[in-house]
Amino acid sequence: MKDYNMIDSHTRRFDSTTNPTILKVIGAGGGGSNAVNRMIEYGVRDVEFIVANTDLQALQTSIAPIKIALGAKVTAGLGAGGKPEIGQAAAEEDIDVIRNHLSGADMVFITAGMGGGTGTGAAPVIAQVAKELGILTVGVVTKPFKFEGPKKLRLAEQGINNLRKSVDTLIIIPNQKLLTVVDKRTTIKDAFKRADDVLRMGVQGIAGLIIEHGEVNIDFADVKSIMQGQGDALMGIGYGKGENRAVDAATSAISNPLLEEVRIEGSKGLLVNVTGGDDFSLLELEEIMGIITVSVDDEATVIYGHAINSNLEDEIYVTVVATGFASKKQKEISSTPENNTLSSKEFDTLMSGNQNAPSGSYEQQDSSFAAKSKNVNYFDDDIDVPTFLRNLNKKSSDD
């Protein structure tokens with residue numbers, strides 16, 4: 001295990017006057033719009049939300065403050081009919097509107113469910129606009145469940161290839177992979193809801209590191225250095241319970257990711273979030289970070305966050321986003337932990353959130369890390385917070 005040092009900082013709430021970074025999230029199509037709605041419902045703050053759709057009726061039901069009706073001339077507000085070429089034409093029709101709404105952003109997240117008409121066709125157009133504006137652009141998209149048919153999967157892959165050309169970083173979550181982390185009682189409705197939740201988690205986990213200000217600050221430049229021009233990214237979720245919880249959580253996060261064809265080995269940038277109970281120790285954090293970073297590039301930059309959730313008993317959750325791979329086809333991590341499949345209840349816990357998420361950044365140098373970190377504490381009782389994990393006592397109110 002590689003050693004590293006930590007420098008703690010004092011807790012401080014977000015202050016918009018000292019963190020001027022402008023983040024925007026745009027959901028394209030039905031899946032993207034649903035994901036944006038979930039983010040708003042979960043209380044993701046200090047982010048501007050936009051939805052863009054060809055289906056006017058669906059657009060009107062969105063709770064996003066900014067709604068873009070795409071392609072009135074092309075679709076008459078009736079949707080793209082599952083045809084990406086229609087979604088693309090609709091976005092191109094209103095490209096000036098898209099540009100106006102993205103203008104001024106430092107970072108844009110584009111979220112969509114790939115395989116349909118609007119999201120698949122419009123997302124690459126939106127990404128190209130953001131690229132032309134010089135905005136750091138991250139795509140967070142899903143691929144269809146297998147039961148949705150081979151045609152939809154083929155369309156999704158074509159759309160992803162188009163999107164990849166314009167985004168800096170692309171996180172692709174195959175919905176089918178969700179079936180490996182839930183139990184057999186999961187309903188179809190819940191499956192799609194959880195797909196939306198994973199999109200939300202990917203966006204707010206990254207955004208939270210930027211918008212939450214600490215005394216020793218992780219600024220936009222830190223995250224930009226990890227995300228800019230990095231291509232496909234890995235997103236993994238791990239869980240551990242009992243005596244070996246730290247090892248199990250860390251290892252399962254990097255060996256059972258919700259992502260195809262990408263492994264953590266050789267990555268040059270990491271975003272890591274760890275959540276444990278009141279008994280979560282510094283040594284466990286060190287153990288987790290050591291397991292996760294042992295296979296990354298020697299010059300890797302690691303931005304981490306850890307949360308204390310008093311409702312967790314003897315449990316640890318780990319989420320990892322990794323970027324900067326030399327190849328998409330990396331050798332799999334050989335060790336496989338026990339109990340690395342989440343139950344439906346555990347996955348619901350992971351999809352919730354947490355109100356205490358201190359974060360930090362490491363620069364790996366030989367066998368040690370030079371660290372700068374920030375701690376964040378949230379005190380808002382009325383809305384949820386922009387971190388991976390929300391307090392469990394709010395879970396019941398969302399179901």
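Cβ coordinates come from backbone N, Cα and C, glycine included.
Quantities reported herein were computed from a predicted structural model and do not represent experimental measurements.
Secondary structure at GLY30 (GTP binding site), as computed by DSSP, is helix. The GTP binding site annotation in Swiss-Prot covers GLY30, GLY31, GLY32, SER33, ASN34, GLY117, THR118, GLY119, GLU148, LYS152, ASP196.
What Swiss-Prot records for 351-368 is compositional bias 'Polar residues'.
Per Swiss-Prot, region 'Disordered' is recorded for 349-368.
Here the binding-site residues are ASN34, THR118; the one with the fewest Cβ atoms within 10 Å of its Cβ is ASN34.
Counting other CB atoms no more than 10 Å from each candidate's CB, the binding-site residues GLU148, ASP196 peak at ASP196. Other Cβ atoms within 10 Å of the Cβ of GLY30 (GTP binding site), summed over all protein chains shown, number 23. DSSP assigns ASP196 (GTP binding site) to a helical segment in the three-state reduction.
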